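Enquirer: Handing you a structure now.
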Amino acid sequence: VVKFRRTGESSRSDEDGISGEHEVQIEGVRTELEPVELGDGAAVPKEFANPTDDTFMVEDAVEAIGFGKFQWKLSVITGLAWANAMEMMILSILAPQLHCEWRLPSWQVALLTSVVFVGMMSSSTLWGNISDQYGRKTGLKISVLWTLYYGILSGFAPIYSWILVLRGLVGFGIGGVPQSVTLYAEFLPMKARAKCILLIEVFWALGTVFEVLLAVVVMPTLGWRWLLILSALPLLLFAGLCFWLPESARYDVLSGNQEKALATLKRIATENGAPMPLGKLVISRQEDRGKMRDLFTPHFRWTTLLLWFIWFSNAFSYYGLVLLTTELFQAGDVCSISSRRQEVQAKCSLTCEYLTEEDYTDLLWTTLSEFPGVLVTLWIIDRIGRKKTMALSFLVFSFCSLLLFLCVGRNVLTVLLFIARAFISGGFQAAYVYTPEVYPTATRALGLGTCSGMARVGALITPFIAQVMLESSVYLTLVVYSGCCLLAALASCFLPIETKGRGLQESSHKEWGQEMVGRGSHSPG
């Protein structure tokens, strides 16, 4: 006799007018069974989970397990990798110091910055391919350890040529760090995905702030070599904790490692104190992973091309604004730049100025503008969607750029630059949410890697606009940035897929979003 009690949570037929205990007599079954009561939310014991034909996918398991202790740990560890922003922020501190200490001409100082972006641009696609072919954890660990090794080694560079090569190799490693977003996104339930990816972007802003504060303490006493070594601390912490990181269950299923994927999901369920779905884990059709041609199938061709332009525009405008900010602050306003250019005599390229305490303060305030950008994006991205969030960010940046045509005072100029930087950084963060969501597991890392590579192209080009073109026409410079962002806003609107409220696509052989849309809507036949 099997006893069961209605709880009122299940649908009942018209005949079942009463609730309470019911008994079912079953022939040929041993009768020495004891009734077992389960607490609210308790997992079903294995002995009661009878074999059925029910199946579930990784997406179902991630949604069922939900957000918990495991994801909090993952947030901190992937955030440490994302704090490699310190290696980027150090460029604005290292360049003037070496300019003075080694008596470098201006073009060699500029090359020190450019070589990092060249390294990032050349490696982004490669790291994406490695992550799709050999696993997200593998690609991320190698890239972080690479960056850590050459970052520390560059602190011992004896001459300019050595530090140029070593910083280029650091850039090569940084190109793979965005794969932390791919690994992180594949463990997040749908409702928490956008918010959580945006929140680990906070580690980028924290990294830049920490780098400025570290420079204030270290530079006057220990010098730039110790700054380079100590800037690798977050990556060193990541290297010590990365043994805890699991491989993505989505990747394991796609590569045919069903047992490993199931073990990972059970581990997450145990840490979160949540039940696993009953049934059998479905193995996706195995397919080639990390192939460039898959980014240009009919489903994804326009998405890929539009995303490349959006990422290019993001980096082009973001780093351009960083460079423009110094020029505009030195001049006072836009209208003063042309006259200042005529008055200032040509200076020797070896003339140098060390960074002052006021310079560090300005760097700190400029960096802090990224926190409001995170908060605004966090508030709107699940309300209006990913595409509209990116479009709005580009439009606000473009509008603020056009307002700079007016001869505003220092205070208004600061406010406009603050708003523009907050929104363009918010647009960058929205792109980091959208890109891993739109591509299937087989090409997700490669898609993010190629987009990151296009962003570095924009970062390479922008100094020629923000510094070289500015010499001849400040208004033309502002028109270029404003026009580029207007086109990027249009590109965001024309993206064919909105990923808000959708699950991550497992296989490129299915219609987009099939995992979460329409499941269960088919008749039993």
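Cβ coordinates are placed from backbone N, Cα and C, and glycine is handled just like the others.
Per TrEMBL, the feature region 'Disordered' maps to 1-21, 506-525. Taken from TrEMBL, the feature domain 'Major facilitator superfamily (MFS) profile' covers 73-500. According to TrEMBL, the feature transmembrane segment maps to 74-95, 107-130, 142-163, 197-218, 224-245, 299-319, 389-406, 412-434, 446-466, 478-497.
Could you place these features in context, so I can see how deep they sit and what lies close by?
Expert: Residues 109, 112-113, 116, 140, 144, 147, 151, 170, 174, 177, 180-181, 183-184, 187, 196, 199-208, 210-212, 214-215, 219, 224, 227-228, 231-232, 234-235, 237-238, 241-242, 244-245, 322, 355, 363, 367 of the same chain lie 6 or more positions beyond the ends of the transmembrane segment (74-95) yet place their CB under 8 Å from a CB of it.
Below 8 angstroms of C-beta separation, residues 81, 84, 87, 98, 102, 104, 108, 112, 127, 130, 169-170, 172-177, 179, 225-229, 231-232, 235-236, 238-239, 242 of the same chain, each at least six residues beyond the ends of the transmembrane segment (142-163), sit close to that stretch.
Within the chain, the transmembrane segment (197-218) has long-range Cβ neighbours (under 8 A, six or more residues past its boundaries) at 75, 78-80, 82-86, 88-90, 93, 180-181, 184-185, 188, 226-227, 230-231, 234, 355, 357, 360, 363-364, 367-368, 370-371, 374, 377-378, 381, 429, 432-433, 436.
For the transmembrane segment (224-245), the list of distant contacts is 73-74, 77, 80-81, 83-84, 86-87, 90, 93-94, 97-98, 101, 137, 140-141, 144-145, 147-148, 151-152, 154-156, 183, 207, 211, 214-215, 218: same-chain residues at least six beyond its ends, Cβ to Cβ under 8 Å.
Within the chain, the transmembrane segment (412-434) has long-range Cβ neighbours (under 8 A, six or more residues past its boundaries) at 178, 181, 193-194, 197-198, 201, 307, 310-311, 314-315, 317-318, 321-322, 324-325, 328-329, 332-333, 366, 369-370, 372-374, 376-377, 381, 386-387, 389-390, 392-394, 396-397, 400-401, 403-404, 451, 485, 495, 499.
Using a Cβ-Cβ cut-off under 8 Å and counting only residues 6 or more beyond its ends in the same chain, the transmembrane segment (446-466) has close neighbours at 110, 113-114, 117-118, 120-122, 124-129, 131-132, 175-176, 178-179, 181-182, 290-292, 294-295, 300, 304, 307-309, 311-317, 319-320, 323-324, 327, 431, 435-436, 438-439, 477, 480-481.
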Enquirer: Kindly state the mean pLDDT of the domain 'Major facilitator superfamily (MFS) profile' (73-500) in the predicted structure.
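Expert: Averaging the confidence scores along the domain 'Major facilitator superfamily (MFS) profile' (73-500) gives 81.
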